[in-house]
Each structure stands twice: as structure tokens, then as C-alpha cells.
Amino acid sequence: METVVSGIRPTGNLHLGNYFGAVKNFLKMQENFNCYFFIADYHSLTTHPHPADLHGNVRQILAEYLAAGLDPEKATIYIQSDLPEVAELTLLMNMNAYLGELERTTSFKDKARKQPENVNAGLLTYPVLMASDIIIHQASKVPVGKDQEQNLEMTRKFANRFNRIYETDYFTIPQPFNFGESLIKIPGLDGSGKMGKSEGNGIFLAEEPASIRKKVMKAVTDSGPTVPDSPVSEPVQNLFTIMEVVSQKEVLDQFKEDYAKCIIRYGDLKKKLAEDIINFTAPIREKINAIAADDAYLRKVAQMGKEKAHASASKTVKEVREIIGFKPF
Ligand code: TYM
């Protein structure tokens, strides 16, 4: 059975981008693959979260994973920092990751620009930690959104390089994965760019209907098409893209046709979009709070995941140590 690995940083509640770029695939994959889904709390340290917030953020994502339908009986669900083997593998993989290639990574350059006061070494070696997350379980498929494409390329590069240097075919070379084939990017409501936890443009699975309505009604559009069949502007296309994942196809087709005929009413588009988002998120939202309040259940899930993930990770690290040439006396 093929192995699947993916993770989400605990840096805020899950939003529609996380759901449609990643979690939706997790739910399908847990039925037929050997899955490891984790919460990337080591990775979240690159932005220096306050110690008092860290545990609560991890708990929240765990509760949201479960509320969205991840099943601890089907998938191994764990917390990254419960697996110190990942840190050891990262140290070993760091020896074959080169400064130039790490500095050229788009996400490193972005973060260095966004937090110039905190360009830490963890930001630079972020792709090495991510590669270790994936190869530690010998994953062949990694369900992620489009924004993770470059990180996945780095993972493939590091795994291939290890195999070459040590003249082995030990590591499986993973592929990014989405059931809809190409990786997706859910846009924000602010006219351009992707929906992100830190961009302030997200709609969250845990969000109350009134707040969703307010955000959608304020979404950026354009001043309206004036020439029939003109190309759809970026902000309106963004709303269509979100509609594509939450609404019926006929509804979207009707709005597209209205746009082409220059009779589209953005108020109607937004009202319908808000209601469809609310219908989609409501069943998940209703479960989140109950699960988040159930300490015993969360502890049990995390413990179970930790044991299963540890079994797989410790085997890999032991074998990697042997390949590298460490020998017990
Ligand atoms: P993170 O926490 O930023 O996002 C988690 C997942 O959600 C996807 N995603 C999106 N997909 C579509 N549209 C969007 N607007 C959108 N925003 C986020 C991301 O692509 C991702 O799949 N580095 C990773 C976490 C990570 C990881 C890993 C992932 C650490 N180790 C190993 C896979 C395998 C990250 O920061 O994701």
C-alpha cells in the first residue's frame, strides 16, 4: 500500500484554502492509503509563536482535523514535535543541503522580507525539515496546495541526492498530489493572491455565519463588465474559483453566463456564495467545539498517533544511520 504524508502548521484556524488544497484529499486518501497526517509545530517555530499560545494552537488544529473527518482508526494523526526522530533526520539531511539553493527558495525570500528582524536559520532550512517529515515515512504521495510545490521539489531533490551520495535507492521519491490532478490555489477575498492564515483574507472552517456573510459581502470585485464576453477580471475570477469548490456547477455557470452578458449582479453573487460557504462549513463548525473540549479524546488520538508514527520513523532513522556509516561499538 502506498504511503501518504502531509502536515499543516498550527499558526491559526484552518481556512478554505487548507481544506480544499489539503484536507479534502486527506479525507479521501485515508480510505485507501497508509496515511500520516501531522501538525507541523516545529515548523511554526520559525515565526516564534509565544510559548503560551503554542499548545492551544496545536489542540485547535487537532480538533479541526477530527471535526473535518480525519479518522484516527484509518490514518496516523500526530504532532510533529512528538517525533524527535524528525529532528535527527533533519540534522543528517542538512549536511547535503546547500546554502545557495536554500537561499533561493521563494518561501525563504518571502519570509525574509516579511520578518527582516527574524531571519533565523530555521527559516533557511525549512525545506529540509519538510523533506524529513515526508521521507521519514517513505511517502510516495504528498497531498498539498499549489503553494507547496517548490518545497516538494526540494524534497525530491534532497531524497535523490541522498540516494546518489550513498549509492542506494533507499529513499522513495515523493510526488505532490491532488485528486483533481493539478495542485490548487484558493484565492483570498481581497482581489489578488492566495487565501492565507497570515494574509488576513481567510474564511475559516470554525467561522460563524454572520462573520462569513460580512466578509463575503465586502469581497473585492470590479466595476462590472461593459463589453459582452470580455475576459473575467482577477477579483471576480477569484470569487468564481471559490464558488467552484462550494457551489453547484449550474449556479456557477449561471453567474458566468450573466457576466458574459454584462447582466451579473455582484450582490446576488456574493449572497449566494456566502450561503454556500456557510452550508459547507456548518457541519464541521458544529463539531469543532465539542471535540476541542474533549481533553481525554484529544490525548488518546495524539498518543495513538505518536506511537504509530514513532514505529515508522525510528525504523527509517536506524537504517539511515547504518547507510551513513554510524556503527555501534
Ligand atoms: P500550511 O500550514 O501553510 O498549509 C497547509 C496546507 O494547506 C494548503 N494551502 C492551500 N491550498 C490551496 N489554496 C490555499 N490558499 C492554501 N493555503 C494553504 C497548503 O498547500 C498545505 O498543503 N510547509 C507546509 C506544512 C508542512 C508540510 C510538511 C506539508 C510541513 N511539513 C510535509 C506537507 C508535507 C505549510 O506551511 O503548510
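Residue 1 is the first one shown; counting continues down the chain.
Each Cβ is built from the backbone N, Cα and C atoms, and glycine gets one as well.
Automatic prediction, not curation, is the source of TrEMBL annotations.
Note on TrEMBL: of 10-18, 46-54, 253-261, the range annotated with the feature motif ''HIGH' region' is 10-18. Feature annotation (TrEMBL): of 194-198, 234-238, 314-318, the stretch labelled motif ''KMSKS' region' is 194-198.
The Cβ of R9 (ATP binding site) lies under 8 Å from the Cβ of I39, A40, D41, H43, S44, K197, each of these being in the same chain and 6 or more residues away along the sequence. Remark: K146 (ATP binding site) has G21, S182, L183, I184, K185, K194 as non-local neighbours, by Cβ distance under 8 Å and separation of at least 6 in sequence.
In the three-state DSSP scheme, K197 (ATP binding site) falls into the coil class. Mapped onto DSSP classes, the motif ''HIGH' region' (10-18) shows 3 helix, 1 strand, 5 coil. When the Cα of D133 (L-tryptophan binding site) is compared against those of the binding-site residues T11, I186, M195, the shortest separation belongs to T11. It is N18 that, of the binding-site residues T11, N18, has its Cβ surrounded by the most other Cβ atoms within 10 Å.
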